[in-house]
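The next block holds one structure in the form of structure tokens; read it before the comments.
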Amino acid sequence: MVAGFVSSGFGISKGLTRQVCAQKQRASVVGVRRAGLRMTATQGTQVGQVKKLDEPQNLLDKTNIFIFDCDGVIWRGDSVIEGVPETLDYLRALGKRLFFVTNNSTKSRAQYAKKFESLGLNAEPEEIFSSSFAAAAYLEQTKFKETGKKVYVIGEVGIEDELKLVDIPFIGGEADKGKAPNMKKGGFLEHDHDVGAVVVGFDRNINYYKIQFAQLCINENEGCEFIATNTDAVTHLTDAQEWAGNGSMVGAIKGCTGQEPTVVGKPSPLMIDYIVEKYDVSRDEVCMVGDRLDTDVLFGKNNGLASLLVLSGVTTEEKLMSPENKIQPDFYTETIAKFLDSKAELN
């Protein structure tokens, strides 16, 4: 039952508050290098300082759990990336446990499960973690409801649905779509003094009313917390081009408040800590697979996981190999369909 994720056995671990507070105190954590994945000549071709995944069987042998980003790895917009369905089926047939972790907050976990189904992909709701879920879980774990305050949402229905599941009151979101403040002489926007947290997620209906309301809450309501589902620079709304991501919404609120947000999506440790505790696994059994260096790969490196970058999303090989890039995955490849090479070799 979807509603049971947070409060009935699928909740984020007790250490969440401490972990996110630690995140605020340091921009990055020096991750433990995965001992079992020391790069050898048999595992991949060296290009610059990164290994290309030439022989995926070596990675498969050392990995029991794969965590996949969705946009740019599994699909682009509403189009499945070629070879993905067969790859996921192959990994499941090998007995690998799969999780899907997305920074996109526009959908709830239940809605993402429906998207997987509509694209012909097999995924159980408990395998899916969205940043909208992470925001609601963070508020529940920090006992926000006990404050008697409410949340102001910049974002879409995914955040609203997840907040409803944990019975946290909120305003804004879809209800403020199309609103405009009175900016004529003497114009004044009355904000809600009972707002104790502002959650900023991706919002295709962002407007000046929402930005002004949010900054008033953060700047004028004592103790009001600024929470971001993620700070991704760009996203895949369609398969035709990149679109401005939630980093643009978060940046607007940072700019008018001078405050840094608590980030609950990748590369925050929240979701990997849950997976490790819930399923009693060792981090050296886990590989993070994503298309972004500053979220997916950093999520893996900061949390002691192996990391595989795919070039099917926002990161190009040129960017990966650029001298300016300081974030290095353990391996990289074109798409996750590379794992099918192992199947072909076995046959």
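Glycine residues also receive a Cβ, built from the backbone N, Cα and C atoms like all the rest.
Just so you know, TrEMBL annotations never went through curation; they're auto-generated.
As the structure is a computational prediction, the values presented were derived from the model and not from experiment.
Feature list (source: TrEMBL):
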- D69, D71, D291: Mg(2+) binding site (BINDING)
- D69: active site, nucleophile (ACT_SITE)
- D71: active site, proton donor (ACT_SITE)
- K266: substrate binding site (BINDING)
Proximal residue to K266 (substrate binding site) among binding-site residues D69, D71, D291 (C-alpha distance): D69
Spatial neighbours of D291 (Mg(2+) binding site) that are distant in sequence (at least 6 apart) but have CB under 8 A: D69, D71, G72, V73, L309, V310, L311, S312, G313, V314, T315
Other CB atoms within 10 A, centred on K266 (substrate binding site): 32
